[in-house]
Amino acid sequence: MSLANVVVIGAQWGDEGKGKITDLLSRSADVVVRYQGGVNAGHTIVVDDKVLKLHLIPSGILYPETICLIGSGTVIDPKVMLKELDMLLENSIDISGLQLASTAHVTMPYHRLLDEAMEQQRGDQRIGTTGRGIGPTYADKSQRNGIRVLDLLDSQRLRERLRGPLQEKNRLLEQIYGVAPLDSEQVIEEYLGYGQRLAPHVVDCIQTIHQAARSRKNILFEGAQGTLLDLDHGTYPYVTSSNPISGGACIGAGVGPTLIDRVIGVAKAYTTRVGEGPFPTELEGSINEQLCDRGGEFGTTTGRRRRCGWFDGVIGRYAVAVNGLDCLAITKLDVLDELDEIRVCVAYELNGERIEHFPSSAEDFARCHPIFETLPGWQCTTADCRRLEDLPTTAMDYLRFLADLMEVPIAIVSLGANRDQTIVVEDPIHGPKRALLSA
């Protein structure tokens, strides 16, 4: 039986259900690697009717034999990470397989304060940041002024590394944003304490991954957020500060592209977005409320109500292209169960012309009007279906329509939050690379 190293990415604006899909695939993985992002992302896993909400720790932590590595491309809030570890321990989940890259950057208290202050100052130009300090952490990383996990393990080095940044950030907080300064000694002592608790999990990320590759272990790379939030390829400036696309796995984990065998994109059967920015298929009124309520569309990280809309095939095809998707996992199909008809965006109208590509300008994107095709609904429950043939004919037709529109086959269909509410057409890790559910 062949094995594969797989990247799991979000094919929309995040919140697609990657946590469940990664959890499902983690059962077949030897190593699960989170390669970018921080506590601005979140995923929800349901185990034995228990809802576990994680922001930093990969879903694979639920499997004792699986190594879960938080890679160099991530930014770590140690306070949040330790809370997650404590929550897992309280639920009798073994955390010995968790490993943390020594070179991952650390979100400091001043990053969070600056993030909130800068977003507030933007006023009407706000971008919808989560306020968790992710952008300022990545900014310090780019300016070569950041703190890394390895710095938390050495008192002298941390004091030296923080001397300049703390002075600079306190000056910014006080003089520019009117925020009380931080107590430098208190910050240093607090983060040295975090370092002591995290020390048993800290490893050389590159050595860990490549040792696994040499041993022919299969590796699952887990992205956070989604394609349209990518810093370089998303709806800029309404994006995150890292690269959630599949190429980000190479940089954030420290591997070459030849190590990756397949890329699976996760997309909801409709579309959601949190925060600001254009959203051509966004719904208002009763259908929006219905999707939000049935889908439980509230952010894991922010608790904000998500904006809901019809499935957008234009951004879907874009996600296929920029990620090199081999197959799709379609989630929350069951949320559409009660609708008598379902619309799918197949193109946009921009300045009176039909376009089938994603505009690079946010201003142009905001002027796009969706061109829809309408399909019949199935108006019966799908949550109990476990095989493709159990699905209503119109639900199968809808999935085939999406596969044809996206020009990529569907490997997995999710019909609820629980693990068993899933139809696996083919295991992307163990199965042969062939056409799955397609038109």
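Residue numbering: from 1, along the chain as shown.
Glycine is treated like the rest: Cβ placed from N, Cα and C.
Keep in mind that what you see is a predicted model, and the values were worked out from it rather than measured.
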Residue among ARG197, ARG294, ARG304, ARG317 sharing the IMP site, where Swiss-Prot lists ASP15, GLU16, GLY17, LYS18, ASN40, ALA41, GLY42, HIS43, THR130, ARG144, GLN225, THR240 as binders: ARG304
C-alpha spacing of GLY14 (GTP binding site) relative to GLY42 (IMP binding site), in angstrom: 9
Spatial neighbours of GLN225 (IMP binding site) that are distant in sequence (at least 6 apart) but have CB under 8 A: GLY10, TRP13, GLY14, GLY37, ASN40, ALA41, THR240, SER242, PRO244
LEU333 (GTP binding site) - helix vs strand vs coil (DSSP): helix
For LYS20 (GTP binding site): DSSP state (helix, strand, coil): helix
